[in-house]
Amino acid sequence: MTTTLKRPTDGEGSVQVHQDPSVNIEEETLVIAVYGKGGIGKSTTSSNLSAAFSKLGKRVLQIGCDPKHDSTFTLTHKMVPTVIDILEEVDFHSEELRPEDFVFSGFNGVQCVESGGPPAGTGCGGYVTGQTVKLLKEHHLLEDTDVVIFDVLGDVVCGGFAAPLQHANYCLIVTANDFDSIFAMNRIVQAIQAKAKNYKVRLGGVVANRSADTDQIDKFNERTGLRTMAHFKDVDAIRRSRLKKCTIFEMDDDDEAVQAVREEYLRLAQNMLDNVEPLEATSLKDREIFDLLGFD
């Protein structure tokens, strides 16, 4: 169960969604939460990273935490029903569900779940995420999983959508080399700073996406203590893979650009498995970002 607590210690003056300890994910599992500005390519990054982990022989579970429920369609090649949709069909009697009702097998055996969310303007997405993890534990679906990836809605870092941070070992932030994306990244760093006081989550690093250059990201990283873990340029093959509803690992093997992107995802996955050193980054004030970024 999830409850709302007043003024907890993990965010000054904030109201956060606090998870029941019984829904914690096993310690030996690598849990990654992927955040970033809305539309920056988090789902593409998450799905290709899941595919890369599977290529390295890992058992992978990807959990989409967006009411749009489009996180996993390149893995499953279709839009799958959400946990909320399935629970509504059984009047929220979760004991009536079977794993195959809400977990779908995707590319190379990656297990896919879409938590969904409440209707617009109602409810709490964090509650839905918590209930999804609880349901997975009830069916013992996390016991044989090596890697769990949470693909989280936009750059929303309220108590609800910060809920995946309570399960994660690392947070990866997807950004482009522009002001708006980096501004959103700074807000996410602030959320990690708050959650890290009471939870195990730490910053893993930055994924530069859809960017030929990284000069602005590099400025921000140097100032805050972040690092770039992977760099994906604006490669047309990535866009085409979304249109084909597949991962980059299912695209043309003879395309050199495809091969380069695959290698970068495999390198990122291996680095995360090698117990990447967590970062102690410090967020900037809004005015400091305005002064920092841009051309001299």
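Glycine too: its Cβ is placed from the backbone N, Cα and C atoms.
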Same ATP site per Swiss-Prot - residue from LYS68, LYS78, LYS195 joining GLY39, ILE40, GLY41, LYS42, SER43, THR44, ASN209, ARG210: LYS68
GLY41 (ATP binding site) CB neighbourhood, other CB atoms within 10 A: 21
Most crowded position, judged by CB atoms within 10 A, among LYS68, ARG210 as binding-site residues: ARG210
Which same-chain residues, if any, lie at least 6 apart from SER43 (ATP binding site) yet have Cβ under 8 Å of it: GLY64, ASP66, ASP70, SER71, THR72, THR74, ASP151
